[in-house]
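Accompanying notes for the structure given below.
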């Protein structure tokens, strides 16, 4: 069974989201996603400063098995990317919840209401 930390929020597209003290959201892919994909060999992340809508494909994760889009969980502006993750994408396999991919600042009027909690995500992947 996959690891699903209770303190995070999730999407049904297998991204995890952590709300930071300054209100930005840190986004990564879940343990279930990395396990399903297998050995990750490449990450393409969004550009800092890019405005995105919830559900937009903002990047790509490629593994030896498949390529999959990475989706924005909310509407907002990309404020940071984890360049270390693009340099060593295999680190996501070893620590899916420790290796974040990008940070996003919520757009005015945007919310996190559509994100799901750990219990709902656990049911989704069981």
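Backbone N, Cα and C atoms are what each Cβ position is placed from, and that goes for glycine too.
Note that the structure is a prediction, hence the values are computed from the model and not measured.
As written in Swiss-Prot, here are the features:
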DOMAIN    24-105  domain 'Lipoyl-binding'
MOD_RES   65  N6-lipoyllysine
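Mean model confidence for the domain 'Lipoyl-binding' (24-105) is a pLDDT of 97.
Across the range of the domain 'Lipoyl-binding' (24-105), the DSSP-based residue counts are 16 helix, 34 strand, 32 coil.
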